[in-house]
Amino acid sequence: MLKLLVVPYQRCPHHTMSSLSQTKELFRRADAVCFDVDSTVIKEEGIDELAKFCGVGDAVTEMTRKAMGGSMTFKTALTERLSIIRCSREQVNKLITDHPPQLTPGIRELVERLHQCNIKVFLISGGFRCIVEHVATQLSIPLHHVYANRLKFYFNGEYAGFDESQPTAESGGKGRVISMLKEQYGLKTVVMIGDGATDLEACPPAVSVNTGCLIMELNVCLLESSFKWIIENTVTHIWCYSVITV
């Protein structure tokens, strides 16, 4: 069976293979782990699900792909997608109620293990806080550990834009959040786990573990007082991975 060992992403011309012991050491040293949410902690892309729910899914999906790939600035892509969706407060609430985000298999156990080891866990997402807070609650992550974009609505519930002052609304925003967290909490080693261009932008100041386009199965176990991370049955896109066979 082909398995993928998640390894630290390094900004260098040639991505050298990291051993299991090096990966384990990274997590031994981690003071905090920051997760992207869409297609990482949850199976879906939240904005695509919202677009489908509002009947404009096809028009938005391709723009999401471009945003993840870095071919346009994140803020531009977010603005254009939301201008198409124009969701109401009622639609957002109904989406969360009728189609709640689906957690990636294994993520609940992973977050529990991190908490048991007194490692701080944060969710840093370019998605929407109203959805990410729902995810955080499922994972027992404090809401003040959530950083995401805020939708704005008029008094009658109609769409009024989004809060452009949030760091997650900009390209490079996740890195600014992590820099702030390191200063606020005195963190030395922060690990960022994600799947898109905005997650790579966060490294540095974080160390990156890139999860590919979508995790189908995430098995986490404790091994010799450290973490062994194996992703099984993953997607065809292999990006910033070292591939091992077992």
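The backbone N, Cα and C atoms fix where each Cβ goes, and this holds for glycine too.
In TrEMBL, annotation is done automatically, which means it is predicted and not curated.
Summarising the annotation, TrEMBL assigns active site, nucleophile to Asp36. Annotation note: Asp36 (active site, nucleophile) sits in a coil segment as assigned by DSSP.
Taken from TrEMBL, the feature active site, proton donor applies to Asp38. Cβ environment of Asp38 (active site, proton donor): Glu44, Glu45, Gly46, Ile47, Ser125, Gly126, Gly127 lie under 8 Å away, each six or more residues apart in the same chain.
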Cβ neighbour count (within 10 Å, all chains shown) around Asp36 (active site, nucleophile): 24
